[in-house]
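Asks: According to TrEMBL, the protein carries these features:
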- 37-267: domain 'Glycosyl hydrolase family 36 N-terminal' (DOMAIN)
- ASP457: active site, nucleophile (ACT_SITE)
- ASP523: active site, proton donor (ACT_SITE)
- 627-715: domain 'Glycosyl hydrolase family 36 C-terminal' (DOMAIN)
Amino acid sequence: MLSPDDVMEMSPNLSGRVLHLSRGGTSVVIDLDAVPHPAIVHWGEELAGSTDETLRGLAVAARPQRVSGGLDAPARATLVATPAGGWLGTPGLEGHRDGASFSVRLELVDVEADGHRARLSLVDPEARLSAQLELDVGTAGLLRQRITLRNDGDSRYTLQHLHLAFPVPWDATELLDTTGRHLRERTPQRHPFGYGTYLRESRRGRPGADATLLLAAGRPGFGFERGRVHAVHVAWSGNHRLVAERSVSGEAFLAGGELFAPGEVVLAPGESLTSPEVIGSWGDGLNELAHRFHDEWRSRPEHPRRPRPVTLNTWEAVYFDHTLDRLTALADAAASVGVERFVLDDGWFLGRRDDTAGLGDWYVDPTVWPEGLHPLVDHVRARGMEFGLWVEPEMVNPDSDLARRHPDWVLRGRTTLPPSARQQQVLDLAHPDAYAYVAERLHSLVAEYPIAYLKWDHNRDLLDAGSGPEGIARVREHTLALYRLLDELKAAHPDLEIESCASGGARVDLGILARTDRIWTSDNLDPLERLVNQRYTALVVPPEMMGMHLTSPVVHSTGRTVDLDLSAAVALLGHVGIEWDLTGTDDETRRRIAAWVDYAKRVRPIVATGRTVDVDGTEPGIDVRGVVARDRSSAVFTLTQTDTTVSYPPGRVRVPGLDPGTQYRIRVVGGSTHAAAQSGLPWQEHDIRLTGRELDVVGLRPPVQYPQRSTVIELVAQSDTQAQGGAR
Ligand code: GLA
């Protein structure tokens, strides 16, 4: 194995060299001798106890035999595998020089590495391309990869495709990804991972409601608690592509990268392109895989750390009906139940009386707000709440002063506009004047009003998104301009928080979450549907970055009537808010909401720092999930009755994730009893204690509940037992 010093000096003789990167419980072993350039031999569980010699052996053990009908030198799924290197599957890189020079075969010329990071320099003098490949194993064991490709030639190089590959174990024969639509994002789907290519593409200029958040491959039947599983996520808010490929040559990998439109990336001589980060995680079960994402995201200096303010968003309360009286009454009601942030949604700017006009004209509408937003903002702040404002800066209605004055600022691939969606089009943010206008408007608004928070929306897919008379594809440039705008706003207003919303949760990725503070998880506030959406969103997104709001009793998106306790329990394990016209609620309802808000404030430190636990194997009709404090001294779980169960009273459920040797007292915080329950719940009536192991292995009876009800339980370690139990 190479010591860091060796690695620095090793070029040009690379014979017999293996690189071992490791951190956070993850090992990555790279065979530097693979032909024509390195291949990852292992990515996953930390190989404690391996020696230099065994790791060299491991690299040799991965090498294929020559077989009939194959190449004389069998090819490998190397880091950027191409046909010129013998790879017959999906190439890692494709491009050409005006129809010629399609052949690429990158070779390793230099390596720099320390214990968890490596930078590999690859060149192809004949193709006149060079690449720097960065691999970094993070503190929680995520593997991040990024590549910078440079055109070393004297002609333009058109890049068609570039992805980064993550090999997975051969026994990972089941795939998991997500799909969805508006009001139903991140619906899981599973498939066998057979021979061939499984491809998920996002072509909507934002990941999209139907996009997969990640592509996972694991041992058949892998669940949240158990079963080895690996997954890859593309940290990018434009178009992307994820591939799972199993080759008959005995190699399986996941790969991800940006998806380019024709001609979108043409590198001038000397020009380079840096890919988005493609991030891999793994675990024995999806819970562990998700914890790596959460832990690493939380370790960033810019991660929101102060307690997540309980938010009231005005959208479903008033829609476009903006009047000062109505909104101040809503603010009073919000303050009375303990809300800390009041967000004025769509409808405040010029001409915006409904969703047909106004986008782009980011001036407060004097016909609705003759004194500006000041009276409302002052009212909100006088009641001790922060003020937040909705914007949709990348969009424009054709019926707006902006579109009338600057038709050339609207993205289009041809002379006619792209198909309309929600009566709107997309602004060409990469156009310097359009960018300057939007930036000026946002900076001015944030400077004029004490705005603590922007809800940044993006309500349509990008179609035929080009610019200029030549019709040059623009999704990439648009996405980069968006990132720049967000970064500049944050730099200029360091306390400003930003939410990423896109018709609910159609732009959820770690590219946007690197520069915003939370996502609006879905426009669907139905708690039963949110259970699925939130569980799968949390595979990547830390729960405190997921907006979870109490709904009005009749859910606007499904028409279902839901119980307040259910709605609150389902919102409890995230960034809690309210999406409901509280002015119409009676005193008793407000008292109950206030009690939930109060409880959410007590629980939020655990939610923001603890470990999410999703429980496998519960009987259909019961959902068990929770969050366990980092030191495992306490936990909050919800036992949600999604439907009736066949067992009656229901059989026991397990409560895993606690310290096995510590005893816990269990308290019911909120819940309801089924009229048919003829006696109390015995464990609730007796002051029992159970060890973490007993809770995990054996479990307890959930209460008999009506369907669509939830019970919240709190588990608190008994300090006299904690010392004996100790950490595992
Ligand atoms: C999108 C958002 C909603 C709301 C509306 C306003 O649909 O997801 O929360 O802000 O836009 O038009």
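For all residues, glycine too, the Cβ spot is worked out from N, Cα and C.
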Asks: How many Å separate the Cα atoms of ASP457 (active site, nucleophile) and ASP523 (active site, proton donor)?
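Replies: One finds 12 Å between the Cα atoms of these residues.
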Asks: Here are the active-site residues: ASP457, ASP523. Which has the lowest count of other Cβ atoms within 10 Å?
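Replies: Minimum Cβ neighbour count within 10 Å, taken over the active-site residues ASP457, ASP523, occurs at ASP523.
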Asks: Would you mind splitting the domain 'Glycosyl hydrolase family 36 C-terminal' (627-715) into helix, strand and coil residue counts from DSSP?
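Replies: Helix/strand/coil tally for the domain 'Glycosyl hydrolase family 36 C-terminal' (627-715): 10 helix, 30 strand, 49 coil.
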Asks: If you average per-residue pLDDT over the domain 'Glycosyl hydrolase family 36 C-terminal' (627-715), what number do you get?
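Replies: Reported value for the domain 'Glycosyl hydrolase family 36 C-terminal' (627-715) is a mean pLDDT of 93.
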